[in-house]
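Shown next, in structure tokens, is the structure this report addresses.
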Amino acid sequence: MQLHHRHDWKLTPTEAIALQHQLRTEVVSDRPIDLDGVQLVAGVDVSVKNEQSQAAIVVVTFPGFLPVETVLAQRPTPFPYVPGLLSFREGPVLEEAFEKLKSEPDVFLFDGMGIAHPRRIGIASHMGLWLQRPTIGCGKTLLCGRYRDLAEEKGSAAPLIDRKETIGVALRTRTAKNPMFISPGHLADIPTAAELVLRCSPKYRLPEPIRLAHNAAGQFSP
DNA sequence: GCGACAG
DNA sequence: ATCTTGTCGC
């Protein structure tokens, strides 16, 4: 895949935050995804083991979720985990994986936040600027913001709000299970992002593309 | 100053 | 994220 907006990774935390403030102005989070036109969806995830990060991108058909391409990439883990700066820890290895990708997914699902981030530029938004394709953030736990209690039934949702701003949605992808926190990455909006994630979660709490990517990323070569 | 804190 | 067996429940 062609990548744009690439930048140096050798940044101090302070510089990384400054870059986020600069890049956030480029993020488009109010554009509906053309759901009827989605044919390929990619799941993206990174696993860490012994100081090594392995990224996995699994592209599946939609609907159907049949894998059509899987790419892996490995690199030494460069940055310790710092809340709010996840993209700087996983970005380098993801960049390598994206370059190997031959197919062109209509949407990318990330394990982590989109604009539901203190500076509105979580990993899904940041990587979206590179990919220049719709991206969606799918977090398993909250980074920031609050939401009202939501019904137990699958499909129930509640707006995720931070500083009076709606930044995403708490979405129940499985009845009686903890909700997922969905937010637009880039070139997407909240309603269509939530709808696509729901359609990508036919059986488990995690969207199918992300589950597959998670499994692939956790498979380290001996 | 005191908490909160994706993966 | 990762360390890890069995176990409760549909």
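In case you wondered, yes, glycine gets a Cβ from its N, Cα and C as well.
According to TrEMBL, the features are:
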BINDING   A:Asp45, A:Asp111  Mg(2+) binding site
SITE      A:Tyr81  site 'Interaction with target DNA'
Checklist line | Winner by Cβ contact number (other Cβ atoms within 10 Å) across the binding-site residues A:Asp45, A:Asp111 | finding: A:Asp45
Note to self: Suppose we draw a 10 Å sphere around the Cβ of A:Tyr81 (site 'Interaction with target DNA'). How many other Cβ atoms does it contain, all chains included?
What the structure shows: 10
Check: For A:Asp45 (Mg(2+) binding site), what is the secondary structure by DSSP, using just helix, strand and coil?
Finding: strand
Item checked: Integer Å distance between the CA atoms belonging to A:Tyr81 (site 'Interaction with target DNA') and A:Asp45 (Mg(2+) binding site) -> 15
Item checked: Mapped DSSP class for A:Asp111 (Mg(2+) binding site), helix or strand or coil -> strand
Check: What kind of secondary structure is A:Tyr81 (site 'Interaction with target DNA') part of, going by DSSP in three states?
Finding: coil
